[in-house]
Ligand code: GDP
């Protein structure tokens, strides 16, 4: 149990109308009282908000209501509103205070300084959320979902994170874990009666439960592919010969949402990605450096460069100029780029320049030369023809990853790994039953399975795992 009272800026560090500093711990009211001219917070009801001033310099011994900021030896820092939250119904489950001040980073710094001078200490990264976990208000997967919720940039990631915050994954597995725990107790009881050769734990019922757990784990693990698409976006590479219309298409795709388009600068200009949102899903357009700027595109893109681009992509959008005649290079390029786990969309571009008969012919050429299953879309980026079809095709890729029966989606690598380990452990237990190994070993394997299942919610955890999770949070979370 940590008795320090911690403080940190909870809002983004920058200028805003309002900034919020959060304070949590046993001495929250006592410390803020020393610097707050306004209501005596020790007497304030929970979940109430109070007007006053933050001052530097000791407030007179007796803190009374409605003090005015006039004392000579005090410097008034800001006019604020202070919210009071009494344990246990608070974010951290501890006494907490939030100071809403005029959103200047300088004021934030000054208020934090006086809080520290009066007995608080700066919170470490993720410490507020860690306290919420340590104090049993939320489990570990919920703590992680808070970070995901704050990081969510689109509808799907927001929804999945919120579902997780409500206990999604833990609800899915906790009752199975409880059933398994009952069996462990029975098997361990058998150990106490080892000499009498009794069997308290019905092996066939145990097997049934293990089957149920396996099915659940399988479907959760399967959801990770969709979860990953939600959390990290689906990677799309746009490839084609020079002048195929790549930059024109890119501009057409990004046109409507220029306002929310962001550039994610990678280590070099070569890895610039642009984010496209379609139906709430995020698509990362890989390495679009140069595409926006046609001058850079004079040189032909070599197979090696194209391979690098496609390497981390989920979808390859290959553009072929329908107004040209020879597609042998395109076909060769596509063949050399394809892999089993890459979705291929071939777009015949510039269809406004050719007759329908011509682009039908183009489709036939590709269909006869390329055996891979692919979608063929005829577009004109200049006339905005069928761009929506391409967008639909992209979003349907993500949609079909969504599992039908599972509402809970795994987005977290740690959960994914723990589920995989649980699945291994469960199959070991099943094997142990079949081979009728000793009850001792069976109990060991069962414990192992329980432990991995418990890792997700944090029922079983260690300092290293916790440190790793919370250090990724920013300060103030
Ligand atoms: P990139 O080299 O693959 O990026 O090709 P660009 O997007 O720069 O396009 C090359 C040329 O084709 C430019 O002059 C574009 O205006 C033209 N272009 C691109 N898309 C279309 C289209 O759909 N229809 C027509 N008529 N011209 C297009």
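Placement of Cβ uses the backbone N, Cα and C atoms for every residue, glycine included.
So that you can see what the record holds, here are the features copied from TrEMBL:
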BINDING   22, 98, 137, 477  (6S)-5-formyl-5,6,7,8-tetrahydrofolate binding site
BINDING   243-248, 262-268, 287-290  GTP binding site
BINDING   243, 262, 264, 267  K(+) binding site
BINDING   247, 268  Mg(2+) binding site
COILED    380-407  coiled coil
DOMAIN    233-399  domain 'TrmE-type G'
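Mapped onto this structure are the features recorded in TrEMBL.
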residue : record                                              : CB count, 10 Å
22      : (6S)-5-formyl-5,6,7,8-tetrahydrofolate binding site : 23
98      : (6S)-5-formyl-5,6,7,8-tetrahydrofolate binding site : 21
137     : (6S)-5-formyl-5,6,7,8-tetrahydrofolate binding site : 18
243     : GTP binding site                                    : 18
246     : GTP binding site                                    : 25
247     : Mg(2+) binding site                                 : 19
477     : (6S)-5-formyl-5,6,7,8-tetrahydrofolate binding site : 20
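Close contacts with ligand 1, defined as a Cβ under 6 Å from any of its atoms, occur at none of the binding-site residues 22, 98, 137.
Of the recorded residues, residue 137 ((6S)-5-formyl-5,6,7,8-tetrahydrofolate binding site) and residue 247 (Mg(2+) binding site) place their C-alpha atoms 51 Å from one another. Among the residues the record lists as binding (6S)-5-formyl-5,6,7,8-tetrahydrofolate, namely 22, 98, 137, 477, the two farthest apart have Cα atoms separated by 19 Å. If you measure from the Cα atom of residue 98 ((6S)-5-formyl-5,6,7,8-tetrahydrofolate binding site) to that of residue 247 (Mg(2+) binding site), you get 49 Å. The DSSP secondary structure for residue 477 ((6S)-5-formyl-5,6,7,8-tetrahydrofolate binding site) is coil.
Cα to Cα, residue 246 (GTP binding site) and residue 477 ((6S)-5-formyl-5,6,7,8-tetrahydrofolate binding site) are separated by 42 Å. In three-state terms derived from DSSP, residue 137 ((6S)-5-formyl-5,6,7,8-tetrahydrofolate binding site) belongs to neither a helical nor a strand segment and is classed as coil.
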